[in-house]
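Taken straight from Swiss-Prot:
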| type | residues | note |
| --- | --- | --- |
| SIGNAL | 1-22 | signal peptide |
| CARBOHYD | Asn112 | N-linked glycosylation site |
| CARBOHYD | Asn150 | N-linked glycosylation site |
| CARBOHYD | Asn308 | N-linked glycosylation site |
| CARBOHYD | Asn392 | N-linked glycosylation site |
Amino acid sequence: MLLLNSALFILCLVCWLPGTSSSRVLTRREGPQCSRSVDVAVVGAGPSGTYSAYKLRNKGQTVELFEYSNRIGGRLFTTHLPNVPDLNLESGGMRYFKNHHKIFGVLVKELNLSNKEFTEGFGKPGRTRFFARGKSLTLEEMTSGDVPYNLSTEEKANQANLAGYYLKKLTGFDGEVLTIPQANKLEVDDGRKLYQLTVDEALDKVGTPEGKEFLKAFSTGNTEFIEGVSAVNYFLVELGEREEEILTLTDGMSALPQALADAFLKSSTSHALTLNRKLQSLSKTDNGLYLLEFLETNTHEGYTEESNITDLVCARKVILAIPQSALIHLDWKPLRSETVNEAFNAVKFIPTSKVFLTFPTAWWLSDAVKNPAFVVKSTSPFNQMYDWKSSNVTGDAAMIASYADTSDTKFQENLNSKGELIPGSAPGANRVTVALKEELLSQLSQAYGIERSDIPEPKSGTSQFWSSYPFEGDWTVWKAGYHCEYTQYIIERPSLIDDVFVVGSDHVNCIENAWTESAFLSVENVFEKYF
């Protein structure tokens, strides 16, 4: 594997300096006439695309924002069910940090949006239980009690902070909070940088197999432990900066990209938003403009299909605010270069899913269950459960019955692919099948200590699987061997002789890839340099 280390990065920059030769020659296209021309075309109406359009709104330029589907928001996706109309069901991003996510907070104020506490945070003491190897444990028991893992004497003595203990043994780091610059400089005993090791390699150096399994049970999902993931990714998640004040938006997380798009459109009649367009190819004309070839699409019940109708648009500059999983399919020659492809290869997309179910009552908090909890984290395929409160309109209660990732998402997606739908299921891509419902309630009955027959049937349900085009995952993680801070500079401008820029969360920072803030940070990085 070609590692993106410091030397290679410097070499890449030398190769790309303006005025020097480049092997990435643009395709020149003649013939087809543009249906219209704009100063800037922004492709993708998720957080990074709508924020880009918002920042350009008063620059005296003609800007058009394009979106593949019929929905603004990307991986922020607030939905509703008829029997709990006042509950925002967050099928994508659902929370943000009050202080750490600074751009998000500023935009909330600028756009006059309101926020509120995200009640459960990441699982609070006294409200959260863990279900591992058939045993239900409180947070306190997981950190200091008898756990169903055969930990060594050393591991047992450091049970409350086993990840920190392992990192100290690996690298000598003994700080309270691990920062990104610190993590990228850490070395292990054989002289390698920590980011060059997979999490399995790192933990196998200092821990027992049972200790590693215990950490998996303590983690949020499976993301940090999939094959090939960088050890830095894991230790930053577990030991990086954490904030207790966690918020969500009163009108749902989709309200932010929608408000950004609305403000953009209202600022000038020359701006436009065009939904249901897939960018097929990008090339340069003889007069120096960029020709964007779009295919018209149609969206029905969450499924988007392509037509054979083209829409040709010319632009002076292009901002590609689309996920890498869609970007790699774009016909644009600079994306085929070895350096850019190696940068693309630096991250893995994580398939994720959420399944919401509603019930007449919040049975998971009732006296009928042995292990009541507002949040459950488990090694079972449902991964995580969150209480989602009760409707003030109907009194019906909602839960995230499953918040899963990786193989657990694929397992559930297969169950949800065919068969009868539950009563009250959302249609199309957001359906919930009887098979999926039965599997999840069977798992939850074990975690809560209640007979499956004593759990009432759900009144409605909706699901979202982030696993197919254009989103092959809800977030990305860094692979071992790649320096995250160098890689992002290559992705944001794949060709230094072109005014084509890439924004989005997939390659930003070393740990923020799962947050909307990272999408905003990528926009700030690009605009500071090029706009």
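Cβ coordinates come from backbone N, Cα and C, glycine included.
Per Cα geometry, Asn392 is the residue among the glycosylation sites Asn150, Asn308, Asn392 nearest to Asn112 (N-linked glycosylation site). For Asn308 (N-linked glycosylation site), applying a Cβ distance below 8 Å and a minimum sequence separation of six or more within one chain yields Leu295. Within 10 Å of its Cβ, the residue among the glycosylation sites Asn112, Asn150, Asn392 with the fewest other Cβ atoms is Asn112. DSSP assigns Asn308 (N-linked glycosylation site) to a strand in the three-state reduction. Asn392 (N-linked glycosylation site) is 46 Å away from Asn150 (N-linked glycosylation site) when you measure Cα to Cα.
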